[in-house]
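Written out below as structure tokens is the structure these notes cover.
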Amino acid sequence: MLDISYIRQNPEEVKEMLRRRQQSDDAPKVDRLLERDAERKAMVQRTDDLKALRNRVSKEIANIKRTGQGSGEELISQMKEVSDQIADLDLGLSTLEGEIEELLLTLPNKLHESVPEGRSADENILYKGPVSFEHNLDFPVKDHLELGKSLGLLDFERGAKITGAGFPVYTGKGARLERALINFMLDTHSANHGYTEVFPPFMVNKESLRGTGQWPKFADQVYHMPEDGLYAIPTAEVPVTNLHRGEMLEDDKLPIAYAAYSACFRREAGSYGKDTRGFLRVHQFNKVEMVRFTRPEKSYEALEEILSHAEAILCALKIPYRVITLCSGDISANAAKCYDIEVWSPAENKYLEASSVSNFEDYQARRSNIRFKPGGKGKPEFVHTLNGSGLATSRLMVSLLEHYQTADGKIMVPEVLRPYTGFDVIE
């Protein structure tokens, strides 16, 4: 959430940000917000004036009664009217503040100055790579669907029977390979990269979604259980960030870094017409998430560190990849800056997104009220929050199966995963 003081002082800058994000239609929200803010200021002043009048006259009434100069009934009657006015103003103020908050919640984050200008994903910029690793694929490669079916690793048909399209079933060595990936990533991030592992709930309340920015902007993308007021998480970022919602963090404990595995659930509303075969677009997938809470001046250094931690996984697995910087028209509403890591699919002959690494600056912390006191004293400030997929397994599995296949239809297990799987080859 943006600081309303910043919006008051820089309304045109906010509108320019909306233009860069291809959200110029939301510019009237800025004017409406400032109008409501001015109304609130006037209403607060009127309320304060009436309360001051009531306090002053209450003292006069007490003095009249104490000195025996009368009953003060006329003044008491007037103050009852004043109290009724104050009650009406308080009610109106509460409604107005709710409207202001809802407007603030719908505005996207500021963009970092280094975010490139662009209208869509076609204008994203290569940041690093391509990073290549040698794989002997001098034969007609099979795609992950054919490999998964022929080797008994994946069963999309039975997943569709059980739940619906986009809910895969891992079977046999496919299930063990998936679990090996998750455990390898968690172990690497906790042992080598300094993250504390957490295992969060897969269901959250609306306050948690609001805190990380998925609500109300992306309400149509989450699965909702209305009877319980709960939502299936789209990413572990939501519960892990909300671990510290409403808390004052200790300055000397920053940065705080968590790594968490979770299943992720996304409705993928609006994906009609996109390639939804196999793992290319699913409603449920597994992911290891990295979440960081930092001092503001350290957050862009932390962004590069998180990116390097995600890259380290791909380097260990020897999966070819590249890193792109998302342009202003493609970056998520919550992020101030974002990198995407894309893995190469030889069968699809294209890159597939496997990770996003984002700096939200104080956007989530302001929504979630996560603060710290610099030096342990003084005025509290909002921390900066960051997150990165480290990594999502679905498209990673696509690239892994396709790169590690052999001419005779087997899959060689990456060396770093063999201690986890207990086997070297899938046949």
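Any Cβ shown, glycine's included, is placed from N, Cα and C.
As recorded in Swiss-Prot:
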type	residues	note
BINDING	Thr235, Ala236, Glu237, Glu289, Ser389	L-serine binding site
BINDING	Arg266, Arg267, Glu268, Val282, Glu353, Ala354, Ser355, Ser356	ATP binding site
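Counting other Cβ atoms within 10 Å of each Cβ, the lowest count among the binding-site residues Glu237, Glu289, Glu353 belongs to Glu353. When the CA atoms are compared, the binding-site residues lying within 10 A of Arg266 (ATP binding site) are Thr235, out of the candidates Thr235, Ala236, Glu237, Glu289, Ser389. Closest by Cα distance to Arg267 (ATP binding site), from the binding-site residues Thr235, Ala236, Glu237, Glu289, is Thr235. A straight line from the CA of Ser356 (ATP binding site) to the CA of Ser389 (L-serine binding site) spans 6 Å. Using a 10 Å radius centred on the Cβ of Ser356 (ATP binding site) and all shown protein chains, the other Cβ atoms total 21. In sequence order, Gly166, Phe167, Pro168, Glu268, Ser394 make up the list of same-chain residues 6 or more apart from Val282 (ATP binding site) whose Cβ falls under 8 Å from its Cβ.
Least packed by the Cβ count within 10 Å, out of the binding-site residues Arg266, Arg267, is Arg267. Of all Cβ atoms in the protein chains displayed, 27 besides its own lie within 10 Å of the Cβ of Ser389 (L-serine binding site). Under 8 Å, Cβ to Cβ, and six or more positions away along its own chain, Ala236 (L-serine binding site) finds Pro200, Ala260, Tyr261, Ser262, Cys264, Lys287, Val288, Glu289, Val291. Looking only at the binding-site residues Glu353, Ala354, Ser355, the one with its C-alpha closest to Ser389 (L-serine binding site) is Ser355.
Across Arg266, Arg267, Glu268, Val282, Glu353, Ala354, Ser355, Ser356, which the record gives as binding ATP, the greatest C-alpha separation is 18 Å. Taking only the Cα positions, the spacing between Ala354 (ATP binding site) and Glu237 (L-serine binding site) is 15 angstrom. The separation of Ser355 (ATP binding site) from Glu237 (L-serine binding site), Cα to Cα, is 13 Å.
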